Amino acid sequence: MSGNGASSSSLNMISGEDVVNNNLTALVVDDSPLLRLLHDIHLKKYGLKVQVAENGKVAVDLFHLGASFDLVLMDKEMPVMNGVEATKELRAMGVTSMIVGVTSKDGPGEQQAFMEAGLDYCFEKPLTPEIIGILLEELNKHNKKD
Amino acid sequence: MAASSTDPTQQLNDYIRTMHDQGILDDNFDQLLALRREQNPRFINELISMFTNDAEAYIAEITNALSLIEVNFSTIISKLHQLKGSTSGIGGHRMYQACCELRVAADDGDKDRCDELFLRVKEEFNTLKQCLDSISQMRSNIISNGTRSRRRRPL
């Protein structure tokens with residue numbers, strides 16, 4: 001999958017209620033402790049193994065150390081290294097994880113710049129359980145094709 | 001038996017609906033309530049406490065940044081971003097809107113406008129905090145009453 005301006009409308013709107021997967025891993029990258037916690041809980045509800053990182057540099061360093069994740073939730077604005085820079089760096093490293101941007105209510109231009117960094121999807125924060133379920137459906141379909 | 005207006009759970013639901021009607025809370029708060037079924041009963045109260053503590057810290061840092069002779073707009077923007085994120089996570093709709101307006105003023109480097117809008121952010125935070133404290137208290141009472149009822153149940 002590559003970043004192409006995808007939003008919720010371009011996803012197959014299948015209910016994610018039955019998507020409980022004990023094999024998927026996720027990385028939540030956000031400088032807000034509360035949002036890290038919320039996304040962590042939502043993802044664990046679907047059976048994912050979750051790690052968290054408080055900024056883009058921590059996330060990139062994890063990949064440099066050999067970690068891999070099926071799904072990365074990437075906040076856009078973070079100290080040290082923001083989501084745009086981190087996403088570019090991860091894609092330059094050859095990371096093929098599904099990277100989903102999470103942003104505040106920015107203008108469409110700002111979301112587009114984030115998408116062009118290499119995101120697969122971009123949504124407003126916080127992600128709802130429904131959106132997470134749909135993303136996992138897409139991830140499962142993608143993994144089955146491999 | 002139908003819930004009456006003296007039923008604590010109904011009172012809590014009515015209160016939350018009122019907060020929605022006034023624009024103080026939005027759907028993100030309802031998402032948190034949906035989480036409570038999987039987490040411990042005090043999870044929501046802990047989350048509210050976490051939000052309040054974090055928000056007070058961010059507001060203090062923004063206050064400091066605004067009080068400098070050379071206003072530190074980058075600090076304001078950074079802390080405001082974190083405050084916005086936490087506020088959207090807890091579902092504080094009006095406070096989130098106030099933060100968005102302050103962000104525009106900070107991006108413009110307009111100190112006077114920042115001062116004015118920051119006052120509104122603090123007012124909305126106080127309103128939201130009172131609302132969340134009330135919800136916490138009502139939920140604590142419901143949980144306590146539920147615990148006492150279970151203890152009275154015959155073996």
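For all residues, glycine too, the Cβ spot is worked out from N, Cα and C.
Confidence annotation: the domain 'HPt' (B:40-142) carries a mean pLDDT of 94 in the model. Positions annotated as domain 'HPt' by TrEMBL: B:40-142.
Proximity of B:His81 (phosphohistidine) to non-local residues of its own chain (separation of 6 or more, Cβ distance below 8 Å) is seen for B:Arg103, given in sequence order. According to TrEMBL, the feature phosphohistidine maps to B:His81.
Across the domain 'HPt' (B:40-142), DSSP classifies residues as 91 helix, 1 strand, 11 coil.
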